[in-house]
Amino acid sequence: MAPFEPAALPELLPVFYRRLFPHGPYGRWLSYGGVKNYFQLREFSFTLRDDVYLRFQSFSSPQELERELQKINPYKIDIGAVYSHRPNQHNTVHLGAFQPQEKELVFDIDMTDYDDVRSCCSSADICSKCWTLMTIAVRIIDRALVEDLGVRHRLWVYSGRRGVHCWVCDDAVRKWSPALRAAAVEYLSLVKGGADTVKKVNLSHPVHPFIRHSVNVVEKYFEEYALRGQDILGSPEKWDKVLALIPEDILPCQGRAKDSVQRWELLRARLERTRGRPAAQGPCYADWEVMLQFCFPRLDINVSKGLNHLLKSPFSVHPKTGRVSVPLDLQRLDQFDPFAVPTITSLCQELDTANSDGEQEDGGATEPKRRTRDYKKTSLAPYVRVFEQFVEGMESARRGERIRRSDLQGDF
Amino acid sequence: MEFSSRARLKHARLAGDRREQYPHSLQFYLEPPMESISLVEFESFAVDRLKLLKVIENLGVSHVRGTDVYKSKLESELRKLKFPYRALAEDDYEARRKDHISHFILRLAYCQSEDLRRWFLQQEMDLFRYRFNELTESLMQKFLEHANLSFEAIGEDLKNELANELSTSTPGFNLTKVKEQMFFKVGLADAVDLFRARKVFIKDGFAYVPFKEIDVIVLNNYRTKLSKALALTARSLPSIQSDERLQPLLNHLSHSYVGPDYSIQKNTGKISLEQIDALSVKSFPLCMRQLHRALRDSHHLRHGGRMQYGLFLKGIGLTLEQALEFWKKEFIRGKVDADKFDKGYAYSIRHSYGKEGRRTDYTPYSCMKIIMSNPPSQGDYHGCPFRHSDPELLKQKLQSYKIPPSGITQVLELVKGVHYQLACQKFFELTHDVDDIGFSLNHPNQYFTESQKLLNGGRELKKEFNNSGNFQQKNNSQESTNSSSTPTSSNAKADTELEGLEAYFTED
């Protein structure tokens with residue numbers, strides 16, 4: 001597979017938007033069953049070459065969006081809110097009357113926010129060792145979304161470079177106020193403090209079930225990720241960072257331990273013995289605090305709070321890596337490899353190989369059909385299937401709701 | 001005969017059992033009243049509730065909510081104005097009915113702008129909070145059931161199942177306490193503050209809230225409902241405003257000042273012009289002191305300042321003759337010659353005393369009117385200094401009046417909290433060296449009267465300089481007969497000036 005070159009984008013994007021982008025399910029998703037002009041009032045923004053940025057784009061139908069994408073071939077697509085008026089007419093609306101009305105609840109988890117606790121990479125770099133952090137984040141947040149917040153329809157997406165996004169699409173949630181969204185982020189936050197704060201997680205007794213569930217998730221990955229992968233107790237400078245988080249009177253002696261795993265065992269045992277301490281001192285949760293500080297998800301509240309925030313669309317191409325923002329299959333989360341995600345280059349090459357009878361660009365009644373099946377010939381297919389399952393999930397829920405309501409009313 | 005539930009209620013009322021319509025002293029005001037009332041009752045109910053809400057606003061800033069002082073003062077006001085104050089009172093029907101109707105009338109008046117809505121919401125919330133917290137536990141539960149808030153109390157079985165989770169998520173609740181108290185299943189949006197801080201157990205999009213925390217939840221729910229209702233009312237307002245009987249009333253309410261209007265001067269002729277300088281320092285509110293100072297310094301005031309200050313002076317007892325002399329003396333020292341004064345300014349002064357044109361006796365402006373209408377621009381000195389002055393300049397001014405720094409801080413805090421009248425009250429307290437102003441400030445003339453009362457040991461305004469005052473009056477009356485002939489002279493320029501002046505004199 002040839003590597004991705006950003007300079008090739010102008011050639012590749014037209015192919016992408018004609019033959020690979022899943023316009024069908026994408027349009028069905030954002031139409032939400034044809035609710036009251038929902039699609040027409042949605043803001044999209046396009047980034048073109050040379051960082052030209054077009055906001056407040058809106059379209060009368062998914063078909064029109066498809067045509068425009070194929071005409072403009074944007075480098076990047078962002079999705080915004082559903083507004084009170086068509087975004088592309090916002091200048092004709094009296095100031096103050098043009099307001100965002102609804103939007104999915106979104107989360108953006110970015111690997112850069114973990115730089116203080118990963119030793120393998122920093123800033124925009126990621127590797128298979130630190131990617132586990134994203135796996136942990138998805139598991140913790142998803143569990144909370146479903147079990148605690150009662151959410152059903154959520155789409156987790158690889159951002160294309162160094163993180164993941166989540167789109168929560170339940171009808172009720174799309175109507176949430178900024179205050180409620182901010183509250184949800186706060187509920188899901190445990191790691192607090194910036195560069196100045198050494199100890200970022202502080203637990204008190206009794207520990208809320210959300211925290212307990214989260215620790216349970218972290219525990220499944222901790223040994224492999226933190227003790228072996230990151231080797232957080234592997235050298236004096238590394239374990240100093242960990243010990244800085246633990247109260248002094250609990251520090252164990254380390255003579256006998258030879259590696260991170262053993263050292264952690266000692267530490268762990270020591271701390272667990274304090275759980276039974278009398279009320280005055282209270283149980284010490286320092287081991288949980290360490291695990292959480294190294295592994296618990298870090299959310300950006302600004303992304304989630306505002307209704308008018310724009311977030312990169314699923315199936316958008318990342319202009320720097322060429323990777324497509326593909327949905328994550330939660331059933332296979334542990335096997336997800338960000339480096340195996342197809343790039344626009346590799347996908348176009350796959351198309352070339354698949355069409356041994358040559359590609360015809362002229363129009364014809366059969367063309368659209370052939371085109372919409374094209375992605376199925378490529379490694380994009382499984383990701384589109386995950387996306388289709390997500391959209392179908394919402395559609396069947398809507399059907400179920402309609403039936404339920406008509407039953408209540410006694411309709412036929 | 002058809003017996004819908006509403007007809008049933010009406011029937012019940014006619015039959016004498018009025019309790020069915022208002023089973024609780026507290027309500028969520030979900031249904032508007034459906035009966036006919038007289039315009040008199042309409043207005044008096046509305047005015048009473050407005051008085052109540054203003055008291056609540058004052059109490060909320062001067063005392064900590066929920067303290068005994070706060071509660072007893074509020075209760076006495078509720079009794080005075082005949083609103084429900086005790087949950088179990090038997091013969092409360094009239095009070096509850098008044099409560100119901102007056103709330104809905106004020107909604108009409110206070111839905112019209114963001115500021116009005118915010119104010120109304122805040123005071124109604126405080127009122128609701130007080131009354132809800134006065135309920136006993138059993139009455140609270142009855143009220144919650146009746147109010148149909150879809151806050152279900154969870155059953156024992158579910159509670160036992162969740163006991164561990166409930167006790168680890170809810171601060172202050174060990175397993176025993178969990179078993180004792182009732183828990184309510186509440187939507188996440190209703191329990192935002194508890195949910196965000198992880199102080200409550202949540203599952204499947206619901207929060208499980210202990211009875212102890214339910215008042216916050218109920219309050220949030222009330223706020224949301226009322227806020228939505230106000231927005232809805234604002235949208236249907238045009239049709240209500242087209243009713244000629246209601247429109248002036250509603251407009252008046254939202255700008256209203258509900259106290260004496262100082263139009264009938266009890267103290268006419270008791271003040272001499274020589275006293276004004278001293279009085280301006282001792283007993284004028286800051287707005288008038290500022291206007292007086294500006295007049296003395298520049299020998300002129302623009303129209304807004306002339307109106308605000310002129311009517312105030314009328315309110316403190318200046319006669320027409322005194323006013324004419326006062327303004328003319330000052331303006332002549334400026335760029336205005338006697339003739340020009342007589343032709344233009346004198347006319348407008350007489351106009352404001354009801355001696356010209358429509359012959360309406362214009363009333364001195366209340367604080368509300370000064371704060372909310374006609375903001376000053378560059379070169380103006382009218383308005384309310386607490387509202388319209390830059391806080392830095394206000395601070396300097398207070399410093400120049402030798403107000404102690406702690407006092408200045410208190411005043412500025414109130415200004416920051418948009419409590420302009422309370423800031424003025426604090427100014428009164430600081431300049432008169434009293435702890436509690438003892439009244440609720442709504443009008444500059446009230447400030448003056450109360451100040452004089454305080455300084456003169458509670459006696460009526462001293463009658464000083466009576467003789468010279470009379471002498472001056474005689475002089476002035478001659479002057480005025482002379483000048484009254486001038487407006488009729490056919491001077492084209494004067495005519496247009498007068499036309500322009502007429503336009504200013506619209507009473508609201």
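Quick reminder: no glycine exception, Cβ is built from N, Cα and C everywhere.
Those TrEMBL annotations? Automatic predictions, nothing curated.
Here is what TrEMBL says about this protein:
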- B:CYS287, B:CYS367, B:CYS384, B:CYS424: [4Fe-4S] cluster binding site (BINDING)
- B:472-491: compositional bias 'Low complexity' (COMPBIAS)
- B:497-508: compositional bias 'Acidic residues' (COMPBIAS)
- B:278-448: domain 'DNA primase large subunit C-terminal' (DOMAIN)
- B:463-508: region 'Disordered' (REGION)
B:CYS287, B:CYS367, B:CYS384, B:CYS424 excluded, remaining Cβ within 8 Å of their centroid ([4Fe-4S] cluster):
B:PRO285, B:LEU286, B:ILE370, B:ILE371, B:PRO385, B:PHE386, B:ARG387, B:TYR420, B:GLN421, B:PRO444
Which one is it: of the binding-site residues B:CYS367, B:CYS384, which Cβ has the fewest other Cβ atoms within 10 Å in this structure?
B:CYS367
Give, as a single whole number between 0 and 100, the mean pLDDT over the domain 'DNA primase large subunit C-terminal' (B:278-448).
89
Hey, does DSSP put B:CYS384 ([4Fe-4S] cluster binding site) in a helix, a strand, or just coil?
coil
Secondary structure at B:CYS424 ([4Fe-4S] cluster binding site), reduced by DSSP to three states:
helix
